[in-house]
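**Student:** Can you read through this structure? Questions will come right after.
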Amino acid sequence: MDKALKVLEYDKIIEMLLDLTQGELARDLVENLEPSNDIDEIRSMQEETSEAYRVLVRYGDIDYSAASHIKHLVSKASLGSMLFIEDLYDIMQNIFLVSSIKRYLKTCIEDENLNLNHLRNLYDSLASLDDLKKKLSMTIVSRDEVADSASSTLRSIRRSKKLKNQAIEDKLNSYITSDKTKKYLQDAIVTMREGRYVIPVKNEYRSSVEGMIHDISQKGSTVFIEPMAVVKLNNELRELENEEKKEIERILYELSSEVSEYKAYLETNEEALKSISFIFARARLAREMRATEPILNDKGYVNLKNARHPLIPRDKVVPTTVELGDEYTSLIITGPNTGGKTVSLKTVGLITLMAKSGLNIPCDNNSSVAVFDRVFADIGDEQSIEQSLSTFSSHMKNIVHIVENAEYNDLVLFDELGAGTDPTEGAALAISILKLFRERRIRTMATTHYSQIKFYALTSEGVKNASMEFNVDTLSPTYRLIIGIPGKSNAFEISKRLGLDQKIIDSAKELLNENDTRFEDVLKAIEEDRTEIENKRIKINEENEEIEKLREKLENKNKKLEERQEAIINKAKEEAREIVKKAKSESAFIIDELKDISSLSKKEDRRRLQEAKDYLRDLEDENRLKIKDNKKRTKEIPKDIKLGESVRIISIDKFGEVETLPDEKGDLNIQVGIMSVRSNINDIERSESKEEVKAEKKTRSINKAKSKNISSEINLIGRTVDEAIILLDKYLDDAYLARLKEVRIIHGKGTGTLRDAIRKYLQNSKHVIEYREADYTEGGSGATVAVIK
């Protein structure tokens, strides 16, 4: 394994991935998974992982454990060899799994919100092979059994075997139950020896039972004899078993030949199943880590947002935000021991390797990862006992290898660079190495304790200081990485809090170089300022969040008000449409009335004709009024509204009279023509004229006329079902008011559709007691007579 992969514990990620891989198909892909340098391949793998992750979240998982390698079996069949039962069973299991996955993916792919381009391609490559699946499922029962239904010959053989077995058992049972022979037996049972039925005979009676001896017990007290009476039956059973074996082999050969015809499809299916299993294993890991798809680049830019080391338990890991490769190519991290410096290095290194392997990374959304050619790491104590190398020598040997091999598009990680030797010399060496890498523009992260390296970072372009935060009050690290500020030594503060004499601390400070002391004081002041700024930033963020919540609350409130207003308007529109609908119905009725009475000459009929014409004219005038979406109020909201008062409904631009006074919500009924409309006090205004409600008066007048002179029949021939039902509904209302006892509905014969619709409606009419087909003299099947309540 590559040294960096080992140091960064990439193998543990592979182990985690293996644990989440179902079945055996994709295990080799997981075991051989290594970081790639092909950005297009990596991006494709990342997209696959993200697609499967979305599917897992939305639709749950599916079991892939039944999948197995079958390519070698298919190749064997294609060469004319016979596949065994367990081989065909494995092939059948793969085909059934393909069908299950196709159903599963079909549902997922049809969900347009998931955008599953890669999984769609894999879905399209899967072949259901329903014919082969049907043949295999009808033949193979389990890994070691062929079904009776595999062939009529096999069924017949097995039926004969069953009868032969029964005959043998009956014959042997007669020995067991017979008073003459049962005294010879050690036990009253039938057993098997060498594939033949036998009975256990006491050794002293072996000569009393004629037959073939197949076995003797260990102590010699029992002899297992096949009585001569069943030898022939057993031989016949053996022959049937041989026939069965030959028939099964024939069936297996036939199925093997069938399998070979689907060789290309079966091999393609296996590859697709392997890919799908591999993708979903990566998705399960992403789900477990709450990982995201990184933004990939080949510019050496890294920006990990709240990165979490994937091997540290979720409840213990501290997120780290790291940026490298844009404004600066080197990041120098300082801070206390056990403060998290090494973890930060490993987090960046391991996440980079994961991203290059097509694995989503445990970071917040929109994190960026560079596709480096190689990752070099010198981390931890790798002292070689065999070579008797010191810690410093061991590290330096590794560093020499990195210096000689690292290039522009590589990532280099140094832990405690220059440590293990004289601090002055170690710091000088470290700075020289960092300068070399800066000149080569190699992305570098290094941890250190040396103040000289902090100075170097402060004074060098393209180099950035960072520190691991330390809480002096609790004397413990917070494990937070602070970029832009070098870490300060906390030795004096810690010693003071732990009770060391102040004189000793002061004496130690005097021994320090004046520049070092001044530098530490500056760092302390910077840290205090940073903490204050950070606290203010947190407070501002909290206030901004509160403002955002209030804004959202107001927007939701406004949205609800708009929705309520729209609902009121829509309700008013619907009521207005009902008015128009009612008017059209009335109009159709009047047309029929006109047809019925147009030939009459009596004075009363002429009066009815004139009233009908006037009513029709009024309805036509009312229908010409358009329903308008937004009518503006021209007057104030009316107060002390009175019954019968003329008003205008603003939302539908209709005039009417107040029918009921407003309730506690302000809702009231307005009589608009022949309709009672539900409205609200806020949606009406007083009307100075009563001209607009004349139609309502004429409506009442014409209704009275109709109730007195309603015809005892209605002709619906030529009407559509919908038109006929509307006219019939109105007609039955009028017939009921006119107290008619019986009416005739003329619908004609035709196809019977109109007749059936009318009679179905009469079954549920509140005005009809019963109905019947008209007599011959009344129109026969072309009419229906209804009895009115």
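Cβ coordinates are placed from backbone N, Cα and C, and glycine is handled just like the others.
Okay, so TrEMBL annotates it like this:
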| type | residues | note |
| --- | --- | --- |
| BINDING | GLY335, PRO336, ASN337, THR338, GLY339, GLY340, LYS341, THR342 | ATP binding site |
| COILED | 523-629 | coiled coil |
| DOMAIN | 714-789 | domain 'Smr' |
**Student:** Near LYS341 (ATP binding site), which residues of its own chain have a C-beta under 8 A away, given they sit six or more steps off in sequence?
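**Tutor:** In sequence order, the residues whose Cβ lies under 8 Å from that of LYS341 (ATP binding site) (at least 6 apart) are ILE333, THR334, GLY335, ASP415, THR447, MET468.
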**Student:** If you count other C-beta atoms within 10 angstroms, which of the binding-site residues GLY335, GLY340 is the most crowded?
**Tutor:** GLY335
**Student:** For a quick check of packing: other C-beta atoms within 10 Å of the C-beta of THR342 (ATP binding site), how many?
**Tutor:** 18
**Student:** Check GLY335 (ATP binding site) against DSSP and tell me helix, strand or coil, would you?
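**Tutor:** The three-state answer is coil.
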**Student:** Determine, from DSSP, whether GLY340 (ATP binding site) sits in helix, strand or coil.
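**Tutor:** GLY340 (ATP binding site) sits in coil per DSSP, no helix or strand.
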**Student:** From the DSSP assignment alone, can you count helix, strand and coil residues within the domain 'Smr' (714-789)?
**Tutor:** 35 helix, 19 strand, 22 coil
**Student:** Across the domain 'Smr' (714-789), what is the average pLDDT of the model, as a whole number?
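**Tutor:** Summarising the domain 'Smr' (714-789) by its mean pLDDT gives 87.
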